[in-house]
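First comes the structure, then the notes that go with it.
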Amino acid sequence: MTTIKMLQGPLSVLLIGGLLGVLHAQQQEAISPQEQEAVSPDISTTERNNNCPEKADCPVNVYFVLDTSESVAMQSPTDSLLYHMQQFVPQFISQLQNEFYLDQVALSWRYGGLHFSDQVEVFSPPGSDRASFTKSLQGIRSFRRGTFTDCALANMTQQIRQHVGKGVVNFAVVITDGHVTGSPCGGIKMQAERAREEGIRLFAVAPNRNLNEQGLRDIANSPHELYRNNYATMRPDSTEIDQDTINRIIKVMKHEAYGECYKVSCLEIPGPHGPKGYRGQKGAKGNMGEPGEPGQKGRQGDPGIEGPIGFPGPKGVPGFKGEKGEFGSDGRKGAPGLAGKNGTDGQKGKLGRIGPPGCKGDPGSRGPDGYPGEAGSPGERGDQGAKGDSGRPGRRGPPGDPGDKGSKGYQGNNGAPGSPGVKGGKGGPGPRGPKGEPGRRGDPGTKGGPGSDGPKGEKGDPGPEGPRGLAGEVGSKGAKGDRGLPGPRGPQGALGEPGKQGSRGDPGDAGPRGDSGQPGPKGDPGRPGFSYPGPRGTPGEKGEPGPPGPEGGRGDFGLKGTPGRKGDKGEPADPGPPGEPGPRGPRGIPGPEGEPGPPGDPGLTECDVMTYVRETCGCCDCEKRCGALDVVFVIDSSESIGYTNFTLEKNFVINVVNRLGAIAKDPKSETGTRVGVVQYSHEGTFEAIRLDDERVNSLSSFKEAVKNLEWIAGGTWTPSALKFAYNQLIKESRRQKTRVFAVVITDGRHDPRDDDLNLRALCDRDVTVTAIGIGDMFHETHESENLYSIACDKPQQVRNMTLFSDLVAEKFIDDMEDVLCPDPQIVCPELPCQTELYVAQCTQRPVDIVFLLDGSERLGEQNFHKVRRFVEDVSRRLTLARRDDDPLNARMALLQYGSQNQQQVAFPLTYNVTTIHEALERATYLNSFSHVGTGIVHAINNVVRGARGGARRHAELSFVFLTDGVTGNDSLEESVHSMRKQNVVPTVVAVGGDVDMDVLTKISLGDRAAIFREKDFDSLAQPSFFDRFIRWIC
């Protein structure tokens, strides 16, 4: 109750004050207009000065970057896409009108532009008006050469930086297909990023459907849903202008310009003055004042007592090892060793390789007629051809279905609050207004309150190890430590300075004199007095002996003690260096004459000498000769070809020339084969390897020259290139009685500015022209006629292809060999000796081949299938035995090994091809560990010595290991010893770069020539490896 009564006073005062404030406000509202003007004359003026701000000016510059390279300008019909761009851009800018956007910003538009190929031309500088820009746009002409998009972007950025001032919103519309032929200016990504740093917003628009989407995305700003969004100049499957692209880009431009220029400002209207406030309550007690100045410095303290002697220090660490002693004296010469035991017999050597042919023997007498032979086995399966190169991109597919409707736009900001108006009467429902413009994106909302706890989630997988955290904050101060031991007595301190004299206090008021009081009680003891030193007293009596003092510190080192007894014998030292050889002794007495030695090897015959010469020099091989022949290849190096297809053209030239035999060593001689090459693009870029080039005097030098040709990536001037080839190569260096062939490769139409009459520039009675057209366009009548014109109207000399990869097909290379060299001469040297085989083939001796396949996880499922096909191809290639006890021909077996207890015999030693192929189809991949030692032991025990007959008695036993050598070493030495006992001839096929050569050398019994290294399992099917492998095992 007391508290309530205490609060009634202040609450009553506040309540009364509030009522007075309301009355004062009502009184202010009741004042007449004249009085109001007299009371506050500045209110209306303030309102007039704080109306809505003026509409902001927003100048916008739009820059167009147009691609007129060959890949765009040469689309059928020529320059059709350029003409389309010249219609698209004016229609685009015609819809960019100066206006008040959303009644808040005043948009005004200016324009600029350039077009590019492998060079850049600015046709309209930034800031141009619509009329001058449109006039300049209609006057551009395409370059039809390479595509350097990065240089165009760099030039565009420089133009805008130089000609456009601050406060201008910059947009760029880049119309290109996204393909590039070079990046001499740093690349698209770098130049597009520099443009964005300058505040330029880039839109990427495709002129056709043959586009590189990734290149367009590299150009466009983020997000791509705004600046790329499948923009195109023409509608799908039509030549009409895509109006939807124009509308969407303009909508984004206006919205972005509005967001850049519009500045939100609050509407400020001053209100009337409020009522006078009430007197505040008495303030609370103030905080404690600042501490006073320090007092006078105290006197020096008494010296402390001397502390105890410290504890002994830790034991010292052992000293460093002494230096090595001097070399000892030379030891005595050792006694001669005992005689060694007899060595064990060496292992049986592997069969030798096929030797060179021996001397031809005398003709033998005719033998008896043989028995009629049985029907022959099916023929061998042909080699699998090499995988062709990837084809050109397919034609554009049908247009996709319309996309889903876009999401609703963001709601705009609320407008500024208006001034309160006069309350009107209730009106009727008005007509429905038009749909408003989409508002700009709203400001971020306030942070929401914490939501309710969700259900407990499942325990997540352990995440990856996070980065090292930042250094922790400095920890709080620790607790006060225990009191330390007394320190040693310190030196006497200096005398302190006298303190400053304090100020005198104010005198107090004199009070009335009081009566004498009663004696008070006894006071408290006074505070201790100051311990000033008194005068020295008289000496006291001698005291009693004190307690024993603390233990003293460690004393100084004593004198050196007497020497100790002799130590134990040390470890033996390293042997000293060998002594210098002594002087040469006197010459001994000649020994008795020895016994005759064993007969020597027979001397080398003439055939043996010739064999060594052929093996060492390789100069006795047969060679192919095509007679006096000149071949000129004319290859297309324009942008439309592409780098990959240009490489295929060069490979085609090299592969064909490989089939023509040796090249003339002297290009000026009247005989032999000479080869020239012309690569062409636009005018002035032709490059040639001439027929009479003295540097091209061998096949290897010609290959090197072809490989050094670089892709020009420009326009296509085919007629001028044919004229250049005839005048500069054929006409200038023609030889008498020499056949001349020309092979022309092109991908289609040439630049219309070139002269069509030059298509027949090679049509000479002594020149045979083969025209190779690659692409679908040659099915058209006009382009087919151009190809026939190049081939001098000879249809049999025209070759049509769909893909460039068909150039390097083996069948087509054979066809070109027959065209260029129809009647070759095979010239072999006359040898005095013929040869025969040292070792018979697999058809003339028994061979049992056991394949041991590493089925570990390093092999992989896909490579396992490739190995199965390899074993199957070997079974088809070899001549297999007719029965298990056949004394000739081969049998095969396959064992897949994994861990120590995982060995799988796919099929034992057999001659039946059907059994081999069915077993290979059933074989499964172990996907286990690798223990080659247990695999070898299992093969010997279960395949070589198997219950089903095992290896033949007099057959050569061959083990073929398919492994990388990364395996367990358990029982490896034992298994290698077992191979030696069984006279196994090993062969190792190691695939990949990660191999264990130590293990491979052991299982090959030390014969490194028996180890075949290949880069991948696809190489097992290549003829270069497969034929070599078959010759080795046979």
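Any Cβ shown, glycine's included, is placed from N, Cα and C.
Quick caveat, the model's predicted, so the values are computed rather than measured.
Residues or ranges marked as compositional bias 'Low complexity' in Swiss-Prot: 302-320. Annotation source Swiss-Prot lists compositional bias 'Basic and acidic residues' at 321-333, 380-392, 434-444. Marked as compositional bias 'Gly residues' by Swiss-Prot: 421-430, 445-454. Annotation comment: Swiss-Prot describes 574-584 as compositional bias 'Pro residues'. Feature annotation from Swiss-Prot assigns domain 'VWFA 1' to 61-249. Residues or ranges marked as domain 'VWFA 3' in Swiss-Prot (evidence: sequence analysis): 848-1029. The N-linked glycosylation site annotation in Swiss-Prot covers N155, N342, N645, N800, N912. Annotated phosphothreonine per Swiss-Prot: T716, in sequence order, evidence recorded as similarity to another entry. Per Swiss-Prot, the feature region 'Nonhelical region' maps to 26-270, 606-1034. According to Swiss-Prot, the feature region 'Triple-helical region' maps to 271-605. The signal peptide annotation in Swiss-Prot covers 1-25.
Per-residue pLDDT, averaged across the domain 'VWFA 1' (61-249), gives 92. For the recorded site, N800 (N-linked glycosylation site), the DSSP three-state label reads strand. As a summary of secondary structure, the compositional bias 'Pro residues' (574-584) carries 0 helix, 0 strand, 11 coil according to DSSP. Taking only the Cα positions, the spacing between T716 (phosphothreonine) and N800 (N-linked glycosylation site) is 19 angstrom. Rounded to a whole number, the distance between the Cα atoms of N155 (N-linked glycosylation site) and N645 (N-linked glycosylation site) is 31 Å. Of all Cβ atoms in the shown protein chains, 20 besides its own fall within 10 Å of the Cβ of N645 (N-linked glycosylation site). Between the C-alpha atoms of N800 (N-linked glycosylation site) and N912 (N-linked glycosylation site), the distance comes to 46 Å. In this structure, the CA atom of N155 (N-linked glycosylation site) is 74 Å away from the CA atom of N912 (N-linked glycosylation site).
Summary for the recorded positions N155, T716, N800, N912: the Cβ-based neighbour count within 10 Å is maximal at T716. Mapped onto three states, the DSSP output places N912 (N-linked glycosylation site) in coil.
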